[in-house]
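Below: the structure, in structure tokens.
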Ligand code: IPE
Ligand code: IPE
Ligand code: MG
């Protein structure tokens, strides 16, 4: 990679970079159709885009990247597409793990992994264990992830503690719920990027994104490159994050 490209662009302020970026990688199918290719070709290309973005985040000093790869609703797609995606995830882990490990990537899979093919689950567990102590960047991949499902399982777990007499209901607070999500040790996203022009959350990180800045772009995911990412970060750096307060320096 050209040295210049790997550096943070001069018009971005390093101290104002988002720590954690969440991505809804959307538009693979439409991109492929537009090229006269089958939808699966879009997923294959989308995987390359994700690999590039991960490297870019690492180069530019972003600490956490969380990508939505498969939602709890995506099982509604044709079996051939679902099967292709499961196989693609497995192949990607097999092909990319060694290099990600060398580059210091700490990988985690979030979501209900139990209905996934056993061989995929094994590869996921292995890659999480192998990279657990890496520190260059945290890379979270949401597979069979749904925000409502995540909150529901947290409620169930907390209710079980109460039922066993191990928890006083008065001690249930936002912190305890946060601790029972798949993202326990992951900070809340500062920025969400969704590609392909759709403007919705599609059940992604519902609890965690209460105060996340959202950036939508019409670009299809397979075409979301470094310069598109640069644009997203420029927009983010112009936002004024108030968290319900007021900006004292601006209010007269
Ligand atoms: C996103 O692209 C990838 C997954 C949901 C797995 P899509 O497959 O949703 O692409 P479009 O939205 O149909 O173009
Ligand atoms: C959201 O994309 C899920 C992922 C990117 C994995 P979808 O394409 O499934 O979302 P909807 O159905 O258009 O909301
Ligand atoms: Mg889509």
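Cβ atoms are placed via backbone N, Cα and C, with glycine included.
A TrEMBL annotation is a machine prediction, not a hand-curated record.
In the structure as shown, the Cβ atom of residue 26 (active site) sits within 10 Å of 22 other Cβ atoms. Residues or ranges marked as active site by TrEMBL: 26.
Following the DSSP three-state reduction, the secondary structure of residue 26 (active site) is coil. The Mg(2+) binding site annotation in TrEMBL covers 26, 213.
Taken from TrEMBL, the feature substrate binding site covers 27-31, 39, 43, 71-73, 75, 77, 194, 200-202. The Cβ of residue 29 (substrate binding site) lies under 8 Å from the Cβ of 39, 42, each of these being in the same chain and 6 or more residues away along the sequence.
Residue 74 (active site, proton acceptor) carries a helical DSSP state (H, G or I). Its Cβ taken as reference, residue 74 (active site, proton acceptor) is surrounded by 17 other Cβ atoms within 10 Å in the chains shown. According to TrEMBL, the active site, proton acceptor annotation covers 74.
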Do any residues at least six apart in sequence from residue 213 (Mg(2+) binding site), in the same chain, have a Cβ closer than 8 Å to its Cβ, and if so which, in order?
18, 190, 191, 192, 236, 239, 241
Count the other Cβ atoms sitting within 10 Å of the Cβ of residue 43 (substrate binding site), across every protein chain shown.
22
Sequence-ordered binding-site residues from 27, 72, 75, 194, 201, 213 with Cβ under 6 Å of an atom of ligand 2:
none
Those recorded positions in 26, 27, 29, 72, 213 whose CB falls under 6 A of ligand 1, listed in sequence order:
26, 27, 29
Among the binding-site residues 31, 75, whose Cβ has the fewest other Cβ atoms within 10 Å?
75
Recorded positions near ligand 3 among 26, 74, 194, 201, 213 (Cβ under 6 Å)
26
